[in-house]
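Below is one structure, written out as structure tokens; comments come after it.
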Amino acid sequence: MGISIHRGADGPTDRDGPAARRLPRPLPWGAIIALTAALALHWALAAAWPSTAFSLSSLLLFGALLLLVGRISAAGLILLLPLVITRGATLVSLLVIEAGAYMPEVNQQGVPGDASASFVAFTAIFFLIFALVFRRCERWFLAYARSPLLDQVVAWLGWPVVGLCTALGALAFLHGMQSGFPLLAGVDRFLYRREYSSGLVLILLDNKFLFAAMLGAIAFAPRYQPLLKTAAILTFLALTALYFLFGDKFFTILAEVAFFAMPLLLVRQGRLAGTMLRLAVPVAALLCAALGATLYIYSGYGRLPLDRTVTLVGERIAGQGELWFVASRDARRVTHWDAHLVARNLDTLGDKSPPATAFANGVETYYFIQRYAPAALADSFRKNGGWVQLTMGTEAMALVMFGYVGVAVVMVVLGVLVAFAALYLRRAFESAFPLSLFFAVWTFLQVYFSAQQASLWSIAAPGQINRLLLFVTIEIILLAINRAQIRVGWDRARAAIFAARRTA
């Protein structure tokens, strides 16, 4: 990659590349106002006349919200995909709950209500704030993301990264062959991780999103040779099959696929719809495999009849939205301040093991386990010592602690935090430097877990903040190196042009 005065990030007159040269479209304020009004009216109607029809219309409004986020920032929507998946799944879950599904984890029977309507309204606050912040700051975060020196280093690291992922996968496969795979042995995946797994296998399973992002950055970057790109794709597919064998389920695999596809979608964000259509068939095949593995797990690894399997899957689907359902039914307050729960959440920050303290203090989703779970199930959660918890607790915990106004404030804060984490990830994908990708994916996942599980410690514990400050320091050093090299190249180009003109 040479120094040029005419193109991209290499040119002295255009430091931010072709993406920055495109004039941004005006913000669709009319559509934002119209959607806000529709969401408010929809919630009011659902509260006044509870019906499953409003659960269905909530899904339609969620689709309209995603289209609007894509209009504001296509890149932002791409990087938001893991949260789009979980929020969409929660709305499907609430549809099932409000149609009357039983929720064994909280021992409640679903009934029609306004849970879906309120959830999509708060999701809109979250996603719209995210999109507006992301769009406003994207150009700043892309400045000097690449340089000829960094591009050369990235090119050298292509094969080592694929080789590392392949080696980890091969060693994990050998360990599974010796000790048995949870999917084939009929062992609960959490029990396997706690009792039978090795440190190497845990490294692979706990960092699957990181490996997916790094392999995607190689597979879909034009700078690499076709053989290397093919090797990256095959390695990703092999690792995904391995995750099935180790018991990972549908939504985990779906999120992993999203991280792998992000680099491709970012490169083609100008023609996102066409790219998504072309990816539909291979993605659908992969998801069908994930769904099949999930059904096999819920069938007791092939031991249960079909009707019992379908019932268990339905209860699992209901589990995605059950916390918001019970919170929106039992904690219907406009404003509130639960000083006791706030204090117990803050206590987790200074502890050496925040997850263990959160479990002991009964905060995050553990609050709902203690309050709603049947005795036998609650005992099972306690025996697991915090290894297993319920899902999608942030909105529900915010409602219990702060009321509806507090949920809105929390969604605004999360929208800003997720936007900056996604911007960091955007910059890392632009540079494709594996170390930056490691830092960016780690940062994104900490905010992601906070947005999913009401985990304050994952973004505010001193240890987490210290790690983030270290990442920022390293990124500033990389920024300075990139900027210095590009500036030197520009100066040399200007000097050469000046000398040529004098000679002429």
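Glycine is no exception: its Cβ is also placed from the backbone N, Cα and C atoms.
Here is what TrEMBL records for this protein:
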- 7-19: compositional bias 'Basic and acidic residues' (COMPBIAS)
- 365-460: domain 'DUF6418' (DOMAIN)
- 1-20: region 'Disordered' (REGION)
- 27-46: transmembrane segment (TRANSMEM)
- 52-70: transmembrane segment (TRANSMEM)
- 77-97: transmembrane segment (TRANSMEM)
- 117-134: transmembrane segment (TRANSMEM)
- 154-176: transmembrane segment (TRANSMEM)
- 196-220: transmembrane segment (TRANSMEM)
- 227-244: transmembrane segment (TRANSMEM)
- 250-267: transmembrane segment (TRANSMEM)
- 279-298: transmembrane segment (TRANSMEM)
- 396-425: transmembrane segment (TRANSMEM)
- 432-451: transmembrane segment (TRANSMEM)
- 463-482: transmembrane segment (TRANSMEM)
Among 52-70, 77-97, 117-134, 396-425, point out the range having the most Cβ pairs under 8 angstroms from the transmembrane segment (250-267).
77-97
Arithmetic mean of per-residue pLDDT over the domain 'DUF6418' (365-460):
87
Quick check for me: are there 3+ Cβ pairs below 8 Å between the transmembrane segment (154-176) and the transmembrane segment (196-220), leaving out pairs under 6 residues apart?
yes
Mind pulling out the one from 27-46, 77-97, 117-134, 227-244, 463-482 with the most Cβ pairs under 8 angstroms to the transmembrane segment (396-425)?
117-134
Report yes or no: does the transmembrane segment (432-451) come within contact of the transmembrane segment (463-482), defined as 3 or more CB pairs under 8 Å with a sequence separation of 6 or more?
yes
Across the domain 'DUF6418' (365-460), what are the DSSP residue counts per state (helix, strand, coil)?
78 helix, 0 strand, 18 coil
Quickly jot the same-chain residues contacting the transmembrane segment (117-134) by Cβ under 8 Å, restricted to those at least six beyond its ends, or write none.
27, 32, 35-36, 39-40, 42-43, 45-47, 54, 57-58, 61-62, 65-66, 68-69, 72-73, 75-77, 79-80, 87, 90-91, 94, 321, 324, 328, 395, 404, 407-408, 411-412, 414-416, 418-420, 422-423, 451
Quick test of the contact rule: Cβ under 8 Å, at least six residues beyond the ends. What residues does that give for the transmembrane segment (77-97)?
52, 55-56, 58-59, 62, 66, 69-70, 103, 110, 115-116, 119-120, 123, 127, 130-131, 134, 209, 251, 254-255, 258-259, 261-262, 265-266, 269, 272, 314, 317-322, 324-325, 391-392, 418, 422, 425-426, 444, 448, 451-452
